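*Asks:* Quick one: the structure is below, and I'll ask about it shortly.
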Amino acid sequence: MTTQQLTEQIRKKKSFLCIGLDVDLNKIPKHLLTEEDPIFAFNKAIIDATHHLCVAYKPNTAFYEAYGLKGWKALEKTIMYLNVKHPEIFTIADAKRGDIGNTSRMYAKAFLEDLEFDSVTVAPYMGKDSVEPFLEFKNKHTILLALTSNAGAFDFQTLSVNQKELYKQVLETSKTWENSENLMYVVGATKAEYFADIRNIIPEAFLLVPGVGAQGGNLQDVCKYGMSSNVGLLVNSSRGIIYASNRGDFAQAAAQKAEDLQKDMAQELIKY
Ligand SMILES: O=c1ccn([C@@H]2O[C@H](COP(=O)(O)O)[C@@H](O)[C@H]2O)c(=O)[nH]1
(Lines of atoms letter the chains of each structure in order from A; the text may use other names.)
(Lines give C-alpha, C1' and ligand atoms only; values in the text may rest on other atoms or scores of the structure.)
Protein backbone atom coordinates (compact mmCIF):
# COMPACT_ATOMS: atom_id res chain seq x y z
CA MET A 1 0.00 0.00 0.00
CA THR A 2 1.25 3.51 -0.79
CA THR A 3 1.17 6.32 1.78
CA GLN A 4 -1.20 8.17 -0.54
CA GLN A 5 -3.66 5.25 -0.38
CA LEU A 6 -3.26 5.22 3.40
CA THR A 7 -4.09 8.93 3.64
CA GLU A 8 -7.14 8.36 1.40
CA GLN A 9 -8.38 5.66 3.79
CA ILE A 10 -7.82 8.00 6.75
CA ARG A 11 -9.88 10.76 5.12
CA LYS A 12 -12.61 8.31 4.07
CA LYS A 13 -12.96 6.65 7.48
CA LYS A 14 -12.22 9.85 9.44
CA SER A 15 -9.86 7.74 11.47
CA PHE A 16 -6.13 7.23 11.90
CA LEU A 17 -6.64 4.50 14.45
CA CYS A 18 -4.39 1.46 14.53
CA ILE A 19 -5.66 -1.41 16.66
CA GLY A 20 -3.00 -3.52 18.33
CA LEU A 21 -3.68 -7.24 18.26
CA ASP A 22 -1.59 -8.22 21.29
CA VAL A 23 -3.34 -11.44 22.23
CA ASP A 24 -2.67 -12.83 25.69
CA LEU A 25 -4.48 -16.13 26.37
CA ASN A 26 -4.77 -15.15 30.05
CA LYS A 27 -6.81 -12.09 29.11
CA ILE A 28 -9.20 -13.28 26.41
CA PRO A 29 -12.72 -14.53 27.29
CA LYS A 30 -12.61 -18.05 28.75
CA HIS A 31 -15.19 -19.46 26.34
CA LEU A 32 -12.75 -18.92 23.42
CA LEU A 33 -10.19 -21.28 24.95
CA THR A 34 -12.18 -24.30 23.74
CA GLU A 35 -11.88 -23.11 20.10
CA GLU A 36 -9.39 -24.95 17.87
CA ASP A 37 -7.40 -21.71 17.45
CA PRO A 38 -8.37 -19.34 20.30
CA ILE A 39 -5.96 -16.58 19.21
CA PHE A 40 -7.35 -16.44 15.68
CA ALA A 41 -10.95 -16.74 16.95
CA PHE A 42 -10.32 -13.71 19.19
CA ASN A 43 -8.65 -11.68 16.40
CA LYS A 44 -11.36 -12.53 13.88
CA ALA A 45 -14.09 -11.36 16.27
CA ILE A 46 -12.19 -8.13 17.03
CA ILE A 47 -11.52 -7.45 13.32
CA ASP A 48 -15.13 -8.17 12.32
CA ALA A 49 -16.37 -5.73 14.97
CA THR A 50 -13.85 -2.90 14.42
CA HIS A 51 -12.61 -2.86 10.80
CA HIS A 52 -14.83 0.10 9.82
CA LEU A 53 -13.37 2.23 12.64
CA CYS A 54 -9.64 1.86 12.01
CA VAL A 55 -7.16 2.07 9.13
CA ALA A 56 -4.50 -0.29 10.50
CA TYR A 57 -3.96 -3.38 12.62
CA LYS A 58 -0.73 -4.08 14.45
CA PRO A 59 -0.10 -7.55 15.81
CA ASN A 60 2.94 -7.43 18.08
CA THR A 61 4.76 -10.63 17.09
CA ALA A 62 5.92 -11.28 20.69
CA PHE A 63 2.36 -12.27 21.58
CA TYR A 64 2.42 -14.93 18.84
CA GLU A 65 6.02 -16.13 19.17
CA ALA A 66 5.30 -16.76 22.87
CA TYR A 67 2.90 -19.57 21.85
CA GLY A 68 5.35 -21.32 19.51
CA LEU A 69 4.12 -22.91 16.30
CA LYS A 70 0.46 -22.43 17.27
CA GLY A 71 1.09 -18.72 17.79
CA TRP A 72 2.86 -18.33 14.46
CA LYS A 73 0.02 -20.17 12.69
CA ALA A 74 -2.48 -17.82 14.35
CA LEU A 75 -0.43 -14.82 13.15
CA GLU A 76 -0.40 -16.24 9.62
CA LYS A 77 -4.18 -16.82 9.67
CA THR A 78 -4.77 -13.31 11.02
CA ILE A 79 -2.75 -11.55 8.32
CA MET A 80 -4.30 -13.75 5.60
CA TYR A 81 -7.77 -12.94 6.90
CA LEU A 82 -6.99 -9.21 6.85
CA ASN A 83 -5.42 -9.29 3.39
CA VAL A 84 -8.33 -11.22 1.86
CA LYS A 85 -11.27 -9.54 3.66
CA HIS A 86 -9.87 -6.02 4.14
CA PRO A 87 -7.04 -5.37 1.66
CA GLU A 88 -7.52 -1.60 2.14
CA ILE A 89 -6.37 -1.86 5.75
CA PHE A 90 -2.70 -1.19 6.50
CA THR A 91 -0.96 -4.00 8.38
CA ILE A 92 2.02 -3.68 10.70
CA ALA A 93 4.17 -6.54 11.98
CA ASP A 94 5.46 -5.07 15.23
CA ALA A 95 8.55 -7.27 15.34
CA LYS A 96 11.32 -4.71 16.08
CA ARG A 97 13.92 -6.54 13.98
CA GLY A 98 17.29 -5.49 12.57
CA ASP A 99 20.59 -7.41 12.20
CA ILE A 100 23.56 -7.59 9.83
CA GLY A 101 22.33 -7.08 6.26
CA ASN A 102 22.39 -10.76 5.33
CA THR A 103 20.07 -11.58 8.24
CA SER A 104 17.88 -8.48 7.92
CA ARG A 105 17.15 -9.60 4.35
CA MET A 106 15.62 -12.80 5.76
CA TYR A 107 13.55 -10.89 8.34
CA ALA A 108 12.30 -8.60 5.58
CA LYS A 109 11.37 -11.59 3.41
CA ALA A 110 9.55 -13.26 6.31
CA PHE A 111 7.33 -10.29 7.15
CA LEU A 112 6.96 -8.35 3.89
CA GLU A 113 7.03 -11.16 1.30
CA ASP A 114 5.99 -14.42 2.97
CA LEU A 115 3.43 -13.07 5.46
CA GLU A 116 2.64 -10.10 3.19
CA PHE A 117 2.46 -7.42 5.87
CA ASP A 118 2.49 -3.84 4.56
CA SER A 119 5.14 -2.88 7.08
CA VAL A 120 7.45 -4.04 9.83
CA THR A 121 8.99 -2.25 12.80
CA VAL A 122 12.80 -2.16 12.84
CA ALA A 123 15.38 -1.04 15.42
CA PRO A 124 17.96 1.47 14.05
CA TYR A 125 20.79 0.56 16.43
CA MET A 126 22.79 -1.49 13.89
CA GLY A 127 22.63 1.24 11.26
CA LYS A 128 22.28 1.62 7.50
CA ASP A 129 23.17 -1.89 6.30
CA SER A 130 20.80 -3.42 8.86
CA VAL A 131 17.83 -1.33 7.70
CA GLU A 132 18.31 -0.97 3.92
CA PRO A 133 17.32 -4.61 3.14
CA PHE A 134 13.84 -3.82 4.52
CA LEU A 135 13.60 -0.66 2.40
CA GLU A 136 14.06 -2.50 -0.91
CA PHE A 137 10.43 -3.70 -1.02
CA LYS A 138 8.24 -1.54 -3.25
CA ASN A 139 5.11 -0.12 -1.58
CA LYS A 140 6.12 -1.71 1.73
CA HIS A 141 7.21 0.31 4.75
CA THR A 142 9.88 0.08 7.39
CA ILE A 143 8.85 1.68 10.66
CA LEU A 144 12.01 2.74 12.45
CA LEU A 145 12.07 3.12 16.24
CA ALA A 146 12.84 6.80 16.83
CA LEU A 147 11.55 7.91 20.23
CA THR A 148 9.75 5.11 22.00
CA SER A 149 6.88 5.42 24.49
CA ASN A 150 8.56 3.73 27.47
CA ALA A 151 10.52 5.34 30.33
CA GLY A 152 13.71 3.63 29.12
CA ALA A 153 13.60 5.84 26.00
CA PHE A 154 15.55 8.36 28.10
CA ASP A 155 18.40 5.87 28.74
CA PHE A 156 19.84 6.30 25.22
CA GLN A 157 17.46 7.93 22.74
CA THR A 158 17.60 11.45 24.20
CA LEU A 159 21.33 11.43 25.01
CA SER A 160 23.43 13.99 23.22
CA VAL A 161 25.77 12.65 20.54
CA ASN A 162 27.82 15.36 18.78
CA GLN A 163 25.52 18.01 20.32
CA LYS A 164 22.44 16.29 18.95
CA GLU A 165 19.96 13.99 20.69
CA LEU A 166 20.37 10.46 19.41
CA TYR A 167 16.78 10.09 18.21
CA LYS A 168 17.22 13.24 16.08
CA GLN A 169 20.40 11.78 14.61
CA VAL A 170 18.44 8.60 13.78
CA LEU A 171 15.85 10.71 11.92
CA GLU A 172 18.49 12.79 10.06
CA THR A 173 20.76 9.88 9.08
CA SER A 174 17.94 7.55 8.04
CA LYS A 175 16.77 10.16 5.50
CA THR A 176 20.05 9.61 3.58
CA TRP A 177 19.54 5.85 3.18
CA GLU A 178 18.57 4.26 -0.12
CA ASN A 179 14.78 4.03 -0.60
CA SER A 180 14.26 6.21 2.49
CA GLU A 181 10.87 7.21 1.06
CA ASN A 182 9.73 3.81 2.42
CA LEU A 183 10.47 4.86 6.00
CA MET A 184 7.97 5.59 8.76
CA TYR A 185 8.90 6.16 12.40
CA VAL A 186 7.75 5.08 15.85
CA VAL A 187 7.23 8.00 18.24
CA GLY A 188 5.46 7.37 21.55
CA ALA A 189 2.27 9.26 22.42
CA THR A 190 3.74 9.71 25.88
CA LYS A 191 6.37 12.04 24.37
CA ALA A 192 4.00 14.60 22.77
CA GLU A 193 6.27 17.55 23.67
CA TYR A 194 8.90 16.17 21.24
CA PHE A 195 6.63 16.05 18.20
CA ALA A 196 7.27 19.64 17.03
CA ASP A 197 11.04 19.04 16.85
CA ILE A 198 10.47 15.72 15.11
CA ARG A 199 8.25 17.37 12.49
CA ASN A 200 11.02 19.91 11.78
CA ILE A 201 13.23 17.01 10.67
CA ILE A 202 10.64 14.78 8.99
CA PRO A 203 7.69 17.05 8.07
CA GLU A 204 5.67 14.50 6.06
CA ALA A 205 6.74 11.01 7.13
CA PHE A 206 4.12 8.79 8.73
CA LEU A 207 4.51 8.27 12.47
CA LEU A 208 3.27 5.16 14.24
CA VAL A 209 2.26 6.46 17.65
CA PRO A 210 1.75 3.85 20.38
CA GLY A 211 0.95 4.82 23.96
CA VAL A 212 -2.60 6.19 24.07
CA GLY A 213 -4.96 4.20 26.30
CA ALA A 214 -3.12 1.91 28.71
CA GLN A 215 0.11 4.01 28.68
CA GLY A 216 -1.69 7.33 29.22
CA GLY A 217 -0.65 9.30 26.09
CA ASN A 218 -2.90 12.16 25.00
CA LEU A 219 -4.43 12.10 21.51
CA GLN A 220 -5.08 15.85 21.31
CA ASP A 221 -1.45 16.74 22.14
CA VAL A 222 -0.15 14.22 19.60
CA CYS A 223 -2.33 15.78 16.89
CA LYS A 224 -1.49 19.37 17.83
CA TYR A 225 2.24 18.84 17.33
CA GLY A 226 2.39 15.75 15.14
CA MET A 227 -0.24 16.03 12.40
CA SER A 228 1.14 16.79 8.92
CA SER A 229 -0.54 17.91 5.68
CA ASN A 230 -1.13 14.24 4.74
CA VAL A 231 -2.21 13.51 8.37
CA GLY A 232 0.94 11.44 8.83
CA LEU A 233 -0.22 9.72 12.01
CA LEU A 234 -1.26 6.19 12.90
CA VAL A 235 -2.23 6.23 16.56
CA ASN A 236 -2.21 2.78 18.15
CA SER A 237 -4.14 1.40 21.06
CA SER A 238 -3.92 -2.29 21.96
CA ARG A 239 -5.00 -3.27 25.51
CA GLY A 240 -7.30 -0.25 25.83
CA ILE A 241 -9.43 -1.62 22.98
CA ILE A 242 -9.11 -5.39 22.77
CA TYR A 243 -9.50 -6.04 26.50
CA ALA A 244 -12.43 -3.69 27.09
CA SER A 245 -14.37 -6.76 28.28
CA ASN A 246 -13.47 -10.42 28.86
CA ARG A 247 -17.05 -11.65 28.65
CA GLY A 248 -19.32 -12.66 25.77
CA ASP A 249 -19.64 -9.00 24.73
CA PHE A 250 -15.86 -8.53 24.24
CA ALA A 251 -16.03 -7.68 20.53
CA GLN A 252 -18.82 -5.11 20.98
CA ALA A 253 -16.99 -3.60 23.95
CA ALA A 254 -13.82 -3.33 21.82
CA ALA A 255 -15.84 -1.70 19.03
CA GLN A 256 -17.23 0.83 21.51
CA LYS A 257 -13.71 1.79 22.68
CA ALA A 258 -12.51 1.99 19.07
CA GLU A 259 -15.51 4.16 18.15
CA ASP A 260 -14.78 6.54 21.06
CA LEU A 261 -11.24 7.03 19.73
CA GLN A 262 -12.42 7.28 16.11
CA LYS A 263 -14.86 10.05 17.05
CA ASP A 264 -12.07 11.97 18.80
CA MET A 265 -9.92 11.51 15.71
CA ALA A 266 -12.67 12.79 13.43
CA GLN A 267 -12.74 15.97 15.56
CA GLU A 268 -8.97 16.35 15.24
CA LEU A 269 -9.10 15.90 11.45
CA ILE A 270 -11.51 18.85 11.20
CA LYS A 271 -9.13 21.08 13.20
CA TYR A 272 -5.96 20.59 11.16
O1 LIG B 1 7.55 2.78 21.66
C2 LIG B 1 6.81 1.81 21.58
C3 LIG B 1 6.90 0.89 20.55
C4 LIG B 1 6.00 -0.13 20.49
N5 LIG B 1 5.02 -0.27 21.40
C6 LIG B 1 4.06 -1.38 21.25
O7 LIG B 1 2.77 -0.83 20.98
C8 LIG B 1 1.77 -1.56 21.69
C9 LIG B 1 1.14 -0.68 22.75
O10 LIG B 1 0.18 -1.41 23.47
P11 LIG B 1 -0.84 -0.75 24.54
O12 LIG B 1 -1.56 -1.93 25.10
O13 LIG B 1 -1.76 0.18 23.78
O14 LIG B 1 -0.03 -0.03 25.54
C15 LIG B 1 2.49 -2.79 22.25
O16 LIG B 1 2.47 -3.80 21.28
C17 LIG B 1 3.90 -2.28 22.45
O18 LIG B 1 4.85 -3.32 22.45
C19 LIG B 1 4.92 0.65 22.43
O20 LIG B 1 4.04 0.57 23.30
N21 LIG B 1 5.82 1.68 22.48
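Cβ from N, Cα, C; glycine included.
Whatever TrEMBL says is automated annotation, not expert-curated.
So TrEMBL lists the following for this protein:
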type	residues	note
DOMAIN	16-254	domain 'Orotidine 5'-phosphate decarboxylase'
ACT_SITE	Lys96	active site, proton donor
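Explain the structural surroundings of these features, please.
*Replies:* Mean per-residue pLDDT, taken over the domain 'Orotidine 5'-phosphate decarboxylase' (16-254), amounts to 97.
Long-range Cβ proximity for Lys96 (active site, proton donor), meaning a same-chain Cβ under 8 A and a gap of 6 or more residues, is found for Thr121, Val122, Ala123, Leu145. Secondary structure at Lys96 (active site, proton donor), taken from DSSP and collapsed to helix, strand or coil, is strand.
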